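Engineer: Here it is, the structure in full.
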Amino acid sequence: MVSLRAGGVYTKAQLQKELETLATCGMFEKVDLEAKTNPDGTIGLTVSFTESTWEEADHFRCINVGLMQQSKAVDVEDNMTEKEKVDYMRSQERDYRRRMDRARPCMLPRSVHSEIVQILGQGNVSARMLQNIRDRVQKWYHDEGYACAQVVNFGNLNTNEVVCEVVEGDITRVVIQFQDKLGNVCEGNTQIGVVRRELPKQLQKGNVFNIEAGKQALRNINSLSLFSNIEVNPRPDEKNEGGIIVEIKLKELEQKSAEVSTEWSIVPGRGGRPTLASIQPGGTVSFEHRNIKGLNRSLLGSVTTSNFLNPQDDLAFKLEYVHPYLDGVSNSRNRTLRTSVFNSRKLSPVFTGGPGVDEVPPIWVDRAGVKTNITENFTRQSKFTYGIVMEEIITRDESSHISSNGQRVLPSGGISADGPPTTLSGTGIDRMVFAQANITRDNTKFVNGAIVGERNVFQLDQGLGIGSKFPIFNRHQLTMTRFIQLKEVEEGAGKPPPPVLVLHGHYGGCVGDLPSYDAFTLGGPYSVRGYNMGEIGAARNILELAAEIRIPVRSTHVYAFVEHGNDLGSSKDVKGNPTEVYRRMGQGSSYGVGAKLGLVRAEYAIDHNSGTGALFFRFGERF
Amino acid sequence: MNTAVFMASQLIREWSGIQQFPPATQDKLLELLGRLKEKKRNKLTILVMGKGGVGKSSTVNSIIGERAVTVSAFQSEAPRPTMVSRERSGFTLNIIDTPGIVEGGYVNDQAIDVIKRFLLNKTIDVLLYVDRLDAYRVDTLDGQVVKAISSIFGQEIWHRAILVLTHAQVSPPDSLTYDEFLSKRSEALLKVVHLGARFNKQDIQNISIPVGLVENSGRCNKNGKDEKILPNGTAWIPTIVETITKVALTESKSILVDQRLIDGPNPNDRGKLFIPLILAFQYFFVLKPIQRWIKRDVEKEVKPQWA
């Protein structure tokens with residue numbers, strides 16, 4: 001309460017002001033300031049006071065006096081008569097009651113209320129007790145995140161109901177400000193609505209400022225990826241007593257950018273030993289034009305090759321336009337339109353051999369086309385996407401000639417080109433238009449770094465009868481993954497993650513026209529581990545099951561897994577039966593163990609069909 | 001295409017082999033041919049199939065009456081099917097001899113492919129499924145042979161099939177008479193056919209596959225009229241031709257081996273009609289519920305007071 005400090009130099013006016021403040025703060029009956037001159041010329045100051053006390057009270061009320069004028073301290077002038085004094089007191093009390101009625105109730109919950117009533121029950125209301133109450137009330141507000149709340153006054157003190165006046169920190173204005181690199185205020189490119197919709201409800205005019213809401217606003221705005229620096233700061237509103245102005249300061253990122261990245265991929269080589277897929281690096285060149293029209297629309301282009309030094313071998317490009325806030329910036333519905341032109345070239349796992357069949361002439365599937373879809377984000381993780389794809393698919397052999405049938409190695413050793421047909425039209429070139437939909441319900445979260453929860457994905461491709469041979473098909477996949485936490489653990493930084501059991505199932509089926517490049521394949525790092533992609537077979541309907549148990553070990557985890565893939569007898573329902581032609585089993589299981597080392601998973605998987613095992617290094621997550 | 005043109009230009013040889021049959025046999029054969037011509041049938045195509053080494057080629061030679069197909073006791077037969085055609089007074093007889101479709105304990109897919117390709121655009125009137133009478137056991141291999149035959153032609157082929165048992169001049173084991181042995185053996189084989197061709201109870205009642213007996217060896221016994229006879233006294237050549245004629249004249253249709261039959265039912269077409277139903281099911285019972293659950297997740301999410 002005393003602002004004077006030892007060692008400070010004060011003027012007489014300052015000392016007088018200090019005395020006045022102490023006298024008028026209402027906590028003290030009497031304040032005396034005694035100065036004693038010391039031999040060394042300094043002054044020793046003694047502040048003696050008599051604490052104000054009031055009658056015992058058993059009721060407590062808390063009111064929010066934010067945005068109201070401060071109540072003036074009760075002052076009894078000396079030259080009033082006794083009657084005038086009483087009248088004055090009464091009118092003060094009336095004024096105060098009116099003030100109380102005008103004020104808003106405060107947010108304090110029942111529990112804190114009763115706590116304070118208990119404090120009051122300890123005896124006469126003293127200044128010290130009021131301090132206690134003030135600290136308790138402020139603690140509640142600050143713990144809940146209302147960092148700008150303050151107790152400004154206590155009223156009604158000589159009655160049996162103590163009134164506590166709180167300024168909670170009501171927001172009077174939210175200001176969004178753009179700054180340039182040097183911190184000067186400037187015009188922003190981003191439309192204000194884009195930022196406003198990311199603010200939580202609590203951070204609006206009329207609500208009480210909460211620091212957690214401020215932090216959430218920061219996170220939300222950050223996820224737009226439009227700004228290099230974001231600040232959310234409350235400051236007192238000078239024009240409105242007790243009001244808070246929330247200032248959001250934003251530094252925008254560069255709108256245009258270009259990037260080149262290279263990578264080498266590590267794959268299992270001879271004997272399962274990890275080797276570089278190739279000495280030549282692959283990589284991507286990309287450019288981005290972001291935040292078009294200030295509405296977070298973007299145009300992205302990228303060209304990817306697996307061999308920078310000879311790019312025509314394998315070149316994929318993609319040009320994409322992303323248009324968020326499809327229903328309008330002010331509409332809370334979060335739908336984004338994406339249109340892209342793409343092409344890609346992949347080795348077809350349908351035309352690969354089973355174990356022991358090494359020389360299966362490979363087939364490359366080139367896809368080029370346009371797709372457009374709308375994604376509705378329900379939460380950060382769950383979403384629903386629907387759209388249309390129009391593409392041309394060309395199947396080629398190793399020498400890039402268009403190939404309409406797979407090749408077969410005859411028992412005589414020769415090669416015959418009458419293997420299973422590669423396309424629906426039988427010519428090696430298919431064109432088709434189909435509709436696509438995907439709904440993902442993802443309730444996973446991280447518990448000390450381990451992923452826990454469940455994820456379900458349903459995907460549908462519906463042929464519309466437009467294209468080569470008028471394809472009509474309904475291709476559907478349902479994937480369900482459960483990450484089951486096996487032990488309750490305390491959540492917190494540095495605490496160990498729980499052991500997790502992962503159960504995973506994937507069913508795929510197709511009714512109608514099924515070209516072989518769209519057949520489901522079994523085997524591979526995301527299908528059945530321990531087998532090459534497509535090594536188990538290609539079929540019309542498949543079922544994959546996997547279970548994995550993860551045990552935390554020191555700062556990482558080790559795991560054991562078992563997986564199974566089955567064609568449900570539908571291999572023969574793919575035209576030409578490529579599973580049988582290339583002597584694959586149609587079903588297979590595998591099991592193994594592994595450990596997560598940083599970003600890499602090292603695992604040893606045994607292929608149950610051939611009984612051999614191999615060591616693999618993989619990036620990313622299996623599920 | 002080429003094969004057909006070739007056949008058209010090739011003169012079908014005269015069935016001279018009939019001449020070498022004994023007169024009694026010749027008369028019966030000509031009578032049967034007459035019966036066929038009466039019913040306006042001047043062409044008959046017979047397909048002979050079965051495991052290897054059971055006597056298919058020998059049977060063909062016996063019926064034709066000459067060494068039309070090469071037979072060697074210990075060598076494996078020719079890898080491709082051969083069609084033997086003979087003409088007699090306006091009637092054409094085609095018999096197609098095929099390689100055994102079993103190799104190394106498994107059904108030989110390649111042999112089946114070769115047979116399918118050979119039979120493209122031919123119409124099969126009668127199937128002779130050949131096995132030996134003088135064997136005692138049946139096993140899964142027999143079932144697989146039957147399955148393979150059914151997979152090529154469909155189950156309908158068995159309406160026009162004859163179970164032909166070769167080496168019919170056999171001494172049955174001591175405890176059985178010839179007829180008892182024959183009945184047991186044919187019963188066992190017919191059971192395999194019913195199983196492999198997936199006959200249900202209805203089919204077993206309606207479709208009766210006749211049994212034919214054949215003895216191709218030169219040491220076959222002969223009766224007074226010099227006809228080759230079996231231990232039960234019947235002259236087997238006219239008997240088998242009579243059975244063939246009966247089957248040829250049954251009501252069921254002959255099997256035309258077209259590309260569609262060879263390719264099998266198109267799996268792409270199966271269920272296509274149901275796609276709108278499936279789509280509706282997916283929309284109402286998968287997409288919409290998942291959307292609802294997501295919305296519920298959003299509502300139930302524990303949100304702090306300030307959110």
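Cβ from N, Cα, C; glycine included.
Note that TrEMBL annotation is computational and uncurated.
Remember, predicted model here, so these are calculated numbers, not experimental data.
Just lifted these from TrEMBL, have a look:
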- B:53-58, B:72-77, B:His167, B:215-216: GTP binding site (BINDING)
- B:Ser57, B:Gln75: Mg(2+) binding site (BINDING)
- B:41-265: domain 'AIG1-type G' (DOMAIN)
Engineer: What three-state class does DSSP give B:Asn216 (GTP binding site)?
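Structural biologist: Coil, per DSSP.
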Engineer: Return the residues near B:Gly55 (GTP binding site) by Cβ distance under 8 Å, restricted to its own chain and a separation of at least 6 in sequence.
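Structural biologist: Same-chain residues close to B:Gly55 (GTP binding site) (Cβ under 8 Å, separated by 6 or more) are B:Val130, B:Arg132, B:Thr166, B:His167, B:Val214, B:Asn216.
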Engineer: For the binding-site residues listed here (B:Ser57, B:Asn216), tell me which residue's CB has the most neighbouring CB atoms inside 10 Å.
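Structural biologist: By the 10 Å Cβ neighbour count, B:Ser57 comes out on top.
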Engineer: For B:His167 (GTP binding site), what is the tally of other C-beta atoms lying within 10 angstroms of its C-beta?
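Structural biologist: Within a 10 Å radius of the Cβ of B:His167 (GTP binding site) lie 18 other Cβ atoms.
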Engineer: Would you mind checking how many other C-beta atoms are within 10 angstroms of the C-beta on B:Gly53 (GTP binding site)?
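Structural biologist: Summing over all protein chains shown, B:Gly53 (GTP binding site) has 13 other Cβ atoms within 10 Å.
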Engineer: Which of the three DSSP states, helix, strand or coil, fits B:His167 (GTP binding site)?
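Structural biologist: Coil, per DSSP.
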